[in-house]
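**Q** Structure in structure tokens, see below.
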């Protein structure tokens, strides 16, 4: 109340502390910390989670975080991102010092001795101080001894030395992610010996780790329930056999290793019978291994098989017989399976909720899925060129609970098939179509009439779609996400009705729409105040005037892509940058960025992308 602090004077501090501890949203926590000194002090003493990235001297940033928040249990460090979307602590960095996204690069480290625990200075390695070093990780280990969750993603300068510090000091560690880090065996061995509560481990793209490190960790990590290994060339069948022998509580396994043979996966199936999730990309694995999974992993709920060339319908027959609790099935580039596999799965796994088929060229029919999987919630079909339109008749009849449908490059799917889905699947919330040229206004109009819960619609490069489709969608649905890129028949009229009917629209992609201009921008400003993401690249009729209209109403705009818009100039870019206080990223040609805009964008945009 005005003139009196009835909260701080009446509520005991322990009660206030418990209230603030229940606030989960980071923006809300930040706001609470600004209320008064007392709340700021409580926030520092109770905040459990931070996400940070490089900004200036990365180790100094990490030290500041540790000093400010003394009760951290979860720390996420991702060197792919700049500090604009994470925790920056107000440490400014000249734009010339901001490093680019790693894009898979590990920097200039010497990899001839991947197991070495020694570390070099940033100057010696040619890598600037923006990257977290072993010294920074040691500070984290000493300052956050109650750490439970640690994620280190694409941190190129870390070695086993920093990880040994974590192992020695953070005995309560439960989750560790090392994706893209060049950590050697010594660090992994230390984690296994010291962190007896470890439950989740991510070793994707850790090419410094060999069988020695993983075998030793497996022997000491009986509590491990989740393991992910991808693109680790020095990991062989020996490591998986050790996992099978010692990690009997394993629930989730992700393997992307070309060197793995049937025998290793058979060992995993026999030794880890509590598995609920298996995501595999192992080109040398065939029917024998998957038949073992069907025989021994009765609790399996999620199965994803990518780029398998060695298994046939016999594998999924075994899965259907033994894995009755299967809820999610993903098949990518599995060219030896046929419709019989789907029939086996549909008849045997009636709890199926999510089916994704990508590039399986021998799949033609979904009839069995529609008949036997009445609980299906999500169906995704990508590059299934042989899929027939009649496949959707039974899906429309039997899958009334379907909420998400993705059809990409399914050339034979037409309006009649789309109408079957629309009439039978009235709870559809998400519909994504791409290059389905046989689907036109008839099918989308049926969606607008029947699917009143639809909030997410994508019609990318569906060239038969016109304004008539958007009129029907606007009449029946209120959208939050819409993509119409490449739908050349869409005009200002269609976009106008969407803007007037969807006040909760958050993201919009109208790139490559040649008949949309400034009128549409004015309508968006009037009707879509919550718009955060806008892509209008290659819209040849949108001008600086349209952007002036847009910024008057779309004050929440964060991302704007406007490459190859010939009528948008440096003035239009300046309008976006100066008027949208929350803007984070603008994609535009380099030559359109004036020196003044670049200077002004510095404090507003920590990353102004000016790529051609």
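In case you wondered, yes, glycine gets a Cβ from its N, Cα and C as well.
No curator has checked TrEMBL annotations; they are predicted automatically.
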**Q** TrEMBL lists region 'Disordered' for one of the ranges 8-46, 47-85, 86-124; which is that range?
**A** 86-124
**Q** Which numbers of helix, strand and coil residues does DSSP report for the domain 'F-box' (11-52)?
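**A** Per DSSP, the residues of the domain 'F-box' (11-52) fall into 27 helix, 4 strand, 11 coil.
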**Q** Would you mind giving the whole-number mean pLDDT across the domain 'F-box' (11-52)?
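**A** It averages 84.
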